[in-house]
Amino acid sequence: MRERFDRFLHEKNCMTDLLAKLEAKTGVNRSFIALGVIGLVALYLVFGYGASLLCNLIGFGYPAYISMKAIESPNKDDDTQWLTYWVVYGVFSIAEFFSDLFLSWLPFYYMLKCGFLLWCMAPSPANGAEMLYRRIIRPIFLRHESQVDSVVKDVKDKAKETADAISKEVKKATVNLLGDVKKST
């Protein structure tokens, strides 16, 4: 685990470049710097004001950036990985909406939530998002796919009917308004 962490800290990216500069200036090993930052973030998630914002930035910011890079890359495997993350993130967000009133009062909630989101986005083929999707979300989706498709089609048809009716009324009102303007001139 430590070797993987060290390898990760020596990959070429903007974060590791910053760690390398800090390591060179301070003489402190980048592993210790990274662990210190992780510790400070964890403490902030427990005690800090705006912990929910920080947690949501971590759960959204990095995955959004990497998702855009995945879309622009020719490799499609990373697209699937990040689409899976976003499906799990969406399901989690909906579940959290209904339980947030209770969960946000728990000590360590935002640290646990952040840990959960980091586990879901972990750079491994068997990360949390993949496991949750494969074991929970996908079976439920496949079991109810036809009913959901039917509801989506009905809603889409009703929305189209409503949009057409509104468009027709707007056209009629425009014609009447233009007729009234023409009569008054």
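Just so you know, glycine gets a Cβ as well, placed from its N, Cα and C.
Annotated features, as they stand in Swiss-Prot:
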| type | residues | note |
| --- | --- | --- |
| TOPO_DOM | 1-30 | topological domain 'Cytoplasmic' |
| TRANSMEM | 31-47 | transmembrane segment |
| TRANSMEM | 50-70 | transmembrane segment |
| TOPO_DOM | 71-80 | topological domain 'Cytoplasmic' |
| TRANSMEM | 81-99 | transmembrane segment |
| TRANSMEM | 102-119 | transmembrane segment |
| TOPO_DOM | 120-185 | topological domain 'Cytoplasmic' |
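Here the topological domain 'Cytoplasmic' (1-30) has long-range neighbours at 123, meaning same-chain residues at least 6 beyond its ends whose C-beta is under 8 angstroms from one of its own. Secondary structure counts, DSSP: the topological domain 'Cytoplasmic' (71-80) has 6 helix, 0 strand, 4 coil. When DSSP labels each residue, the topological domain 'Cytoplasmic' (120-185) comes out as 59 helix, 0 strand, 7 coil, counted as helix, strand and coil in that order. Distant neighbours of the transmembrane segment (102-119): 41-42, 45-46, 51-52, 54-55, 58-59, 89, 92, 96, 127-128; these residues of the same chain sit at least 6 beyond its ends, with a Cβ under 8 Å from one of its Cβ atoms. DSSP places the residues of the topological domain 'Cytoplasmic' (1-30) in helix, strand and coil in these numbers: 22 helix, 0 strand, 8 coil. Counting residues 6+ beyond its ends, the topological domain 'Cytoplasmic' (71-80) has no Cβ neighbours under 8 Å in the same chain.
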